[in-house]
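Have a look at the structure below before the remarks.
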Amino acid sequence: MEILKVSHLSKTYGSGEAKVEALKDVSFSLEKGEFAAVVGESGSGKSTLLNCIGGLDTPTSGSVWMDGRDLFAMSENKRTVFRRQNIGFVFQSFQLVEELNVEQNIIFPLLLDYQKPDPKRVDEILEVLGLKERRHHLPGQLSGGQQQRVAIGRALIMRPALVLADEPTGNLDSKNSQDVMDLLMKASRHYQQTILMITHNEALTANVDRVLRVRDGVLKDLGGVRA
Amino acid sequence: MRAERKGNMRERRMKSYLDLVPISARRRKRQSRMTRLCIVLAVFLVASIFSMADMEIQSQIRRTQMDDGDWHVMFAGPDEEQISLIESRPEVQTSARYAALNYGLDRGYEIGGKETVICGFDENFDEIMEQASIEDGHFPEGTAEAAVTQSMKRQLGVDVGDPIVLMTPEGEGIEFTVSGFSGDTSMLTSSDAFGIFVNTETYETYFADDTRGEDFALYVKFVPFCNIQKTVDDICGQTGISREAVSENTMLLTLIFQTSNTTMMQLYWAAGILSVLVAAAGILMISGSMNSNVSQRTRFFGMLRCLGADRKQIRRFVRREALSWCKSAVPAGLILSMAAVWGLCALLRYLSPMYFSTMPVFGISLPGVVFGALVGIVTVMIAAHSPAKNASKVSPLTAVSGNAGTTHAVKKAANTRHLHVETSLGIHHASGSKKNFVLMTCSFAFSIILFLSFSPAIDFMNHAVRPLQPSAADLTVSSGDGAGSLPKDLAASIEQIGSVQRVYGRSYMYGFTASVGGETIPVQLISYEKYQFDWVRDDLMEGSLEEAENGDGVLAVYYMNEGDFQTGETFELTAGDRTETVRVSGILSESLFNIQDQSAALICSESLFEELTGESGYAVIDVQFDSDVTDQDVEEIRALAGDGASVSDNRMENAENRGAYYSFALFLYGFLAVITLISVFNIINSIAMSVSGRIREYGAMRAIGMTSRQMVRMVSAEAVTYVIWGIVIGCAAGLALNYKIYDLLISIRWGDPWEFPAVELAVILAAMALSAAAAVAGPAKRIREMSVADTISAL
């Protein structure tokens, strides 16, 4: 089942001599439960791609279909609600709400959607994240790896169609990086969660389903790497 | 541990994203301190204005009820049928008949040789006229009893049951028995007159024939919440009494917002507009502070947007956050305002104890508290509008792009060619974003505009409510015949009384003529002593005061006539067959006391007066008292002056004048202080916020080698840029408004030409300069103590 379809996506910044083509006619799609990685050098356009897929940035041309719906045919407000319900984000710098504890951070997207958190689901996520004992800790009381796990929990709580992870291990040491990768992998396998991850560390792509490379705004599908 | 668990329990029960607001508020107390302080200040100012106005109104109502009576309207000359029609109306709570004779003290009704006012009224009159209540004894019964004023008790030594005889202009004596005593009025004491009160029946018997029809009246007090103007119209229509025959207790009706007097209602409008201006200044101040707070948290709002918060939710979040600050800031502002109001009430009571005796010491004004809280919350909600909009506009990209905190899109590089780089950067920080620059300079200019627009009100007050002159006497002893028959020893004896602060006498002589410039003009000669010469020192237009004081010449009061006096000239002064040559030593712009019409006034020393007229006594001796003066002291002076002299006691009148001036002045100066305070706070707050917004940038600058001295110079340059432009815009608009308002308030009424408001301008500019200096001091300290490593690691 196709979850994401990116069709002829282009993004241009500036004009005239200052014109920069960040994305050039990018097209690809992802199936449900697929774990894909986008790799590329710094400035290659991979973050722009992620921002356009997440509806954070508007493409110059092309379209993004998610779960059969055209993201940029929606009004800004509808797109926000759609994002809230269908896309989970994991950032390089965690972006947790410092004032909220682990559990509160995880349920926060539910509250924004005026939903009542299901305690069983919260417990389950905390269990998977290995943070059950730290549910009342504040972000400041956690290690980087633990904070990123909380961010992953927050991305998963809404059962989104797609999780977008932007360099999720960029701020972590190798041990914590591996933990986070294991967790994302677990989500993909265990919950059939579709994940699109951006990374410049090609070593992390060893176990993903597909690798997409972006170079000078052009995307090339390198296909599956998993045995 | 337990508390922590309790806190966690509370956090676990988070049911809405808005529950983040109180949690965030607890943890970000320091960041929101400035905004909360702004709210406290705004609530404090509004609550203080309303509370003070309420206290003043309540005190004035009580005072008016005591002085002028608790009646609403008075119908002049109604007949019995009209009276019964009025009294039968359901809106009428109390009514009483009243008549008076010899109110002008010129009809020749006397007791003990002093003019006496005669009043006749119903027994229930004291319910609406406190002054008519009998303090000792009882209300006069039958036609043989009368109550009299306390001054008669003191001066004539009469007591309840004693007989008194009222002499009529025809020389007949009507004997009454004293049934009791009532209080004095300022009119009676300052005119050295008595009052006698009889019942309606007695009045009809003896004085009705001598009383003019319109001096019979029916005083009416209506039930609470009655529409008085409409009811009076109805009564006039029903009884046929003309609207002109109805007098209002204007002061009382004004105070209960029921007057038909448009001037007073305009004053209320003015007060309302002032409150709106204060609220506007408050909105600007709070909004500015909240905007800075929001701009420091763009990454946070970006993250919320990323997580799926829509714009409406962000706006609601910011507004809820603002409301949550109100929870502590509003009560704090209210408590502060109560303390300030208590202080101000105490100050007024100290300045004028007699006038403000009805003002509560520790009163709490419910309307003040309610309005303060309400206006505070509404102000915050309005102020939160723009920050909420700004926060909702934050792009979710801010959270992922890593550019949070540097959202100001700089379009033009700083000009570093002419100035040091830090100064150039400071100026560029101020002027880089046009919108921010306009907002900041306008908010600074707003204070100057407000200050300059409001300052003509001080001149208005000085014209409308004249302050008591330094020469105003608390007690005046005048010779009965108007001539200088009061011995100088009397002044010396009065000075010996403990509570007497100052005694100064003068003599008059009319009937002189002077030959000036070929014309003969009528002249009056007045003698001054040391104090009076001192008080006219500022009125000297030309010449020498000392020469006149030493008896070497006279001071001429500016006469505005063809035959005016010139300094240094000599002229001949003639009285009857006696002629003396006198030299003009100086010209005064005005005299301390009234001058007889159609004659020029010459002021000289006592010795020259005696030399020219042969008179050595005073015509008038004025006395000023310390605050501990008692009625006994006044009686002692009365006794010293003897029967031939008339003693008028002006203490009550002076207290009333002084009180009115103080309350007006306190209100006006208070308001100017408030404007200055807002200005000071706004400048300090804005600069502090601006620095906070750039603290990471400053950290980076420190890291690449900028010294803390250079950093301070950079912040100073930013502050000075805002202040200078604020001053330029504020002065341009403020001076134009000052001119226009001065013209409307003063020039049109009193003809005074507009003068450049140098003092006012100096005060507000000095306040702004000091605020700018103080505004830089705080951030400078912060920059010096800043850990470069910590700051840039957050980049």
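Glycine is treated like the rest: Cβ placed from N, Cα and C.
Taken straight from TrEMBL:
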{"type": "DOMAIN", "residues": "B:35-231", "note": "domain 'MacB-like periplasmic core'"}
{"type": "TRANSMEM", "residues": "B:267-287", "note": "transmembrane segment"}
{"type": "DOMAIN", "residues": "B:273-386", "note": "domain 'ABC3 transporter permease C-terminal'"}
{"type": "TRANSMEM", "residues": "B:329-352", "note": "transmembrane segment"}
{"type": "TRANSMEM", "residues": "B:364-384", "note": "transmembrane segment"}
{"type": "TRANSMEM", "residues": "B:437-458", "note": "transmembrane segment"}
{"type": "TRANSMEM", "residues": "B:660-684", "note": "transmembrane segment"}
{"type": "DOMAIN", "residues": "B:671-787", "note": "domain 'ABC3 transporter permease C-terminal'"}
{"type": "TRANSMEM", "residues": "B:719-739", "note": "transmembrane segment"}
{"type": "TRANSMEM", "residues": "B:759-777", "note": "transmembrane segment"}
Selected stretch (most C-beta pairs under 8 A with the transmembrane segment (B:660-684)) from B:329-352, B:364-384, B:437-458, B:719-739, B:759-777: B:437-458
Counts of helix, strand and coil residues, the domain 'ABC3 transporter permease C-terminal' (B:273-386), according to DSSP: 94 helix, 0 strand, 20 coil
Between the transmembrane segment (B:329-352) and the transmembrane segment (B:364-384), are there three or more CB pairs that fall under 8 A, provided the residues in each pair are separated by 6 or more in sequence? yes
Summarise the domain 'ABC3 transporter permease C-terminal' (B:671-787) as counts of helix, strand and coil residues per DSSP. 102 helix, 0 strand, 15 coil
Mean per-residue pLDDT in the domain 'MacB-like periplasmic core' (B:35-231) works out to 85
